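A.B. asks: Feature table excerpt (TrEMBL):
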type     : residues                                       : note
BINDING  : A:T146, A:K175, A:T186, A:E266, A:N385, A:T390 : substrate binding site
ACT_SITE : A:T186                                         : active site, nucleophile
2 protein chains.
Amino acid sequence: MSVTAARGFRAAGAAAGLKPSGRPDVALVVNDGPADAAAGVFTRNRVQAAPVLWTRQVLTTGRLRAVVLNSGGANACTGPEGFADTHATAEHVGAALGIGAGEVAVCSTGLIGVRLPMDLLLPGVTQAVVALSPAGGDAAAEAIRTTDTVAKQAVRTSTSGAAGDGVVTVGGMGKGAAMLAPSLATMLVVVTTDAVADSATLDRVVREACRTTFERVDSDGCLSTNDTVLLLASGASGRSLPEAELTELVTAVCDDLAGQMLGDAEGSTKTISITVTGAASEADALEVGRSVARNNLLKCALYGKDPNWGRVLAAIGTTSAAFEPDRLDVTMNGIQVCRGGAPGEPRELVDLGGREISIVADLHAGDVELTVRTNDLTDGYVYENSAYST
Amino acid sequence: MSVTAARGFRAAGAAAGLKPSGRPDVALVVNDGPADAAAGVFTRNRVQAAPVLWTRQVLTTGRLRAVVLNSGGANACTGPEGFADTHATAEHVGAALGIGAGEVAVCSTGLIGVRLPMDLLLPGVTQAVVALSPAGGDAAAEAIRTTDTVAKQAVRTSTSGAAGDGVVTVGGMGKGAAMLAPSLATMLVVVTTDAVADSATLDRVVREACRTTFERVDSDGCLSTNDTVLLLASGASGRSLPEAELTELVTAVCDDLAGQMLGDAEGSTKTISITVTGAASEADALEVGRSVARNNLLKCALYGKDPNWGRVLAAIGTTSAAFEPDRLDVTMNGIQVCRGGAPGEPRELVDLGGREISIVADLHAGDVELTVRTNDLTDGYVYENSAYST
């Protein structure tokens, strides 16, 4: 149910014909209120797609009534004409729903540098408006897929306080299968809740949730021009949660979606968690985790089920984190293959046959620990990203 | 002839049996003088192999009488025992040549995290000593290959001044086919010259030569633990060149070797030059060039002959360089596919069929220009780096 799990939301998916396959490619999420507070986090790429520029501007009000999303085209690097296309899309949604264009967020995903076929997109948006339903979450999640092989949804409910009407629900949908990136790591995510919350609270909540989930995923080191995470609150539950609890729920939904993205990353055969322990600071731990996650040679080795821990050390060595090379320990799937910067247990003991791989790197320089997740680098990834434009 | 092209040098290659294939794996270069000035540049990786630690220490004297190199094992992440192995190798060379161990540089390349089989290596070094010859450059270049499909050599001679005995020669050999890296971009390079030059001059010359050649090559973004570039001067020509001319010759040799490495990079089908123009500073231009060179999605697209210029802009957008997104121009193999951050000429006009690909990115933020070179990302690269340990 994803984005329509929380009360106060309707959604829909439609096939506008943007994709040659004819599969659904337009999604619409509408917040029926009573409240319309919202917040968002966007790509840190300085080359930002037209819908990102538009939605950042719209969100300065702290309010959103609807989100329209399309796959089949990123509308990035399309100049003033591309921005006008985004504006026209929001206007079209606003007119159909009887709201202002300035209350409509727009998200796009697909090939960069190509204009959207507006003659197809706008009728598709109209179709989606007609199809809006409190049960439309699945259809919307389906319509934002690009190379994702499955739709990605997650729901969590509050456990504190009274049951029944008093329960707060948080639901989300996401798409992302490559270009999962070093700072904000997904393509498009919409999370909805029926909690009562103002936009300033939502802003803190969504930033904190992203910090420990999407921002610690680095599938292929490539930062998209379109990354967007939106959080909308309808207030339809009539309840407000303590901020920490709302943060926990939203974080759980984001973490679930991030895991689904890694599990479905283009061409991947491994989901790899890199836990950095004994770091002097969170910044150090993150730098080390990302450096390991982005090392192509290691990612190839893990695809080949080769516990080549030397490549972990080589990746750590490129960082500015506090550590001494002769104190580094590395454990792979439970076997401490490197101890004090030198060989530990025999690498033959490490079994890398399954999809999940755990790497623990101990810097022995402090007590901070965090985990960055990535995928292996495979011929499947190369194929998906060389055989056609995405 | 490479390292024996200049007068005053002998070299040899031998098969010690470090490689399962039985191919040559030990190289020796000896400077017979009359002078023995030397300088070097090393990996910026903080995890440094034992031979790098040893050779850095040796070079503090500004003198080298010999360089011993082995493939078949990097001797990195091998702890104090690994350092003792390097020391023993230098002692062995010194004893055989009647010089001090402290006059012997050691370089190793191969798998990280495994001790060298000294019972094989030392007899191999003895073989190399016996085989030393003023015509041994080819054999030495052959012996340092790992996954290189061809030996890499380059020679240049001075054109200024008198001919014949007065000519200064610079020759070099190199190996490197992956782990060509963001700061110092090769595995092992030895350059020799018969010029008369002191070690302080050689130090400036080798740093400047690396800065504009190996340091602007980024094959796969991975920085090795063993990268070493050594420059040895015998003074046997009896001539000293103006520093600028010597720098030019050494740079030409390094540039030639760097090009050979890119042409032979593991699994590559394309050699890609990324020229950044209109940058506000050299640092900006280098950051942009490296970011583009390291973008896996772009590298896959180019393998697939897809002029996906949006990925160039996405890569530029992750940098902190001075530029405005709506002023960026990108030209691929002569076709300006992006103008002012938006589509320019049709991408269909770009022919990416050949091995050489030229990308020009104009930031319109200044007048600095430089070129970074890289390769495409292919299933061949994935295969070579996943199918066995290197």
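Any Cβ shown, glycine's included, is placed from N, Cα and C.
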A.B. asks: Determine the minimum-neighbour residue: among A:T146, A:N385, listed as binding-site residues, which Cβ has the fewest other Cβ atoms within 10 angstroms?
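C.D. replies: Fewest other Cβ atoms within 10 Å, among the binding-site residues A:T146, A:N385, is found for A:T146.
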A.B. asks: Would you mind pulling the DSSP three-state label for A:N385 (substrate binding site)?
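C.D. replies: A:N385 (substrate binding site) sits in a helix per DSSP.
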A.B. asks: Hey, what's the Cβ neighbour count for A:K175 (substrate binding site) at 10 Å?
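C.D. replies: If we count other Cβ atoms within 10 Å of A:K175 (substrate binding site), we arrive at 28.
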A.B. asks: What binding-site residues from A:T146, A:K175, A:E266 have a chain B Cβ less than 8 Å from their own Cβ?
C.D. replies: none
